[in-house]
């Protein structure tokens, strides 16, 4: 320390003599010591004796070299450990990604339902968000598909109410192989509906395939799980509610019609490629707890193809709701759904079925489109309205009949025989909401129910059952 103090004193005096700043002696004491000890002294900062003086470290002459070697060794070891760690991390990530992809694929991916037949392989889109249920879970939820939980028969199967383990109410559709083309319709509905998210479409919660012999040797079984709709389907509210003494009010009917139009608008314009439902009817429109409509049953849905104005496909759907160009020639467009929507709209407004068998004196069923169009053209639009609809009205609206007439006219326009004269579903929605005017109802060719369509020389054949009064309610449903 004696040498250090002497070194500091000499350094301070030298600095003061250079810049005449006395603060070097007080304010910069430690700085001056370091500077003097490391730079000004005759040995310089690299000498061991200088470091020993400044830091008080008993360093040997070889300490600096040893320290450098140690630092290099530590650095190399650290680098190697880092590389090894990152390699392990990368390997784990690759394994995790492959494992996750494999799990998703097994959950909603390729399902080999028949090892001996490649045609039995179901291909579903991954990452659809649908849950893959076990048959044991569905049996527990529905009490082994008890008749007490039976809701009804829908397209391609029967529907049961169930309650999941967490208390969530669901509707489980058990597909009937004799009613549909097995894997085709099942995959079609799962792939399409699992990617759609809209408040007016019925969401798919999940699905299940059971390839074990279960309950009386049924063999292959397909199941679809949906959110449960407590108010059932629209058909019951239109045609059975009067027997129960509770019919739909005008605000409820209006809301349901607008909901269905919005749901179809999303299918036609809200997704790409567009989706054609092909089976829009009252039984496929479900009502939630707030009586909001949800379009359901996508087993027949088809996706459009870019650059094509229409699809030519096998005719499938429900008699009375089929557009004529589709029923006759299998030409499917968005206007086919618009036609079906028009029929449903007229059913809601009139309380009559799409095919009416109750009109006495007529040899064949009467299509609601022919019946309503004739009354409107004759200036008897009031006769189209359901009698209960006229009684309910809408107290908040000074003249609800004007709005109801507009709805009937839109229904007739949507269900027009000529494809080109039908509006798009979005234009129909704008007409219903009063944003654009409803054009004059154009004339039309012979009604579809005209006897010439059922003559022996006609190529139009909806179904053999339409040739007379033998048509029953089951024939009307599909």
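Using the three backbone atoms N, Cα and C, a Cβ is placed for every residue, glycine included.
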Of the residue ranges 25-48, 49-72, 73-96, 97-120, the one that TrEMBL records as transmembrane segment
73-96
Transmembrane segment according to TrEMBL, located in which of 369-387, 388-406, 407-425
407-425
Using DSSP reduced to three states, classify residue 174 (ATP binding site) as helix, strand or coil.
strand
Return the residues near residue 174 (ATP binding site) by Cβ distance under 8 Å, restricted to its own chain and a separation of at least 6 in sequence.
145, 157, 158, 159, 160, 221, 222, 223
